[in-house]
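Positions annotated as glutathione binding site by Swiss-Prot, on the basis of experimental evidence: SER16, PRO17, TYR18, ASN53, LEU183, SER200, ASP201. Residues or ranges marked as N6-succinyllysine in Swiss-Prot: LYS49, LYS116, LYS144, LYS158. Here Swiss-Prot flags LYS71, LYS85, LYS116, LYS158, LYS165, LYS169 as N6-acetyllysine.
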Amino acid sequence: MGPLPRTVELFYDVLSPYSWLGFEILCRYQNIWNINLQLRPSLITGIMKDSGNKPPGLLPRKGLYMANDLKLLRHHLQIPIHFPKDFLSVMLEKGSLSAMRFLTAVNLEHPEMLEKASRELWMRVWSRNEDITEPQSILAAAEKAGMSAEQAQGLLEKIATPKVKNQLKETTEAACRYGAFGLPITVAHVDGQTHMLFGSDRMELLAHLLGEKWMGPIPPAVNARL
């Protein structure tokens, strides 16, 4: 029997493109590194407010850098990420509250579907320039992730319940307690210690903390399938 997997938590919001990048890299490595990957749907607007941080859209130079950066990362990481056409509206007006409540409901009721459902919401907003705020948009993502129409509708009906609202609030507050000022954050629990890493570009450091080998963003086992 091999060593027990170490726990790594990923706090993320589908409104955050860098969360998608970190998510995919961790999904590629979770079996290679033998980690217990825990996905934590969170609300980036709550973290921004709590920390006093500002979104890139309010800082023009940062927004321009982000657009160029994601274009380069699309090819480097082989993730089909594209800037939304109406970036400011997506980030500052539409937001992701309903989507993140839906993913919270998925995590509570059908955690085995969380990875695919999260990916399909990212694909909508950060790859195909599609909506993630309307009920039909969320249902379309859920069904594309493999849920039945009835299952998806049942989960959607729970996003306004106190249980789901409170869980999303608690997860967001947990990220803040770890010191988050944005997303994604990766929290590694290793040898009785807890390490919080911000951003999608800290995976080499995560490998070091885990005592594992970093083989680039597309490890050989994954590259063979791409």
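Positions of Cβ are set from backbone N, Cα and C atoms, glycine also.
Look at the binding-site residues SER16, ASN53, SER200 and count other Cβ atoms within 10 Å of each Cβ; ASN53 has the fewest. Looking at the residues that bind glutathione per the record, SER16, PRO17, TYR18, ASN53, LEU183, SER200, ASP201, the two CA atoms farthest apart are separated by 19 Å. Put simply, ASP201 (glutathione binding site) is 25 Å from LYS85 (N6-acetyllysine) when counted between their Cα atoms. Counting only the Cα atoms, the space from ASP201 (glutathione binding site) to LYS158 (N6-succinyllysine) is about 34 angstrom.
Ranking the modified residues LYS71, LYS144, LYS158 by Cα distance from SER16 (glutathione binding site) puts LYS71 first. Shown are the modified residues LYS49, LYS116, LYS144, LYS165; of these, the residue with the fewest other Cβ atoms within 10 Å is LYS49.
Taking every protein chain shown into account, PRO17, LYS85 are the recorded positions, and of these the Cβ with the most other Cβ atoms within 10 Å belongs to PRO17. Neighbour density for LYS158 (N6-succinyllysine): within 10 A of its CB lie 17 other CB atoms from the protein chains shown. Ranking the modified residues LYS49, LYS71, LYS158, LYS165 by Cα distance from TYR18 (glutathione binding site) puts LYS71 first. You'll find the Cα of LYS144 (N6-succinyllysine) roughly 20 Å from the Cα of PRO17 (glutathione binding site).
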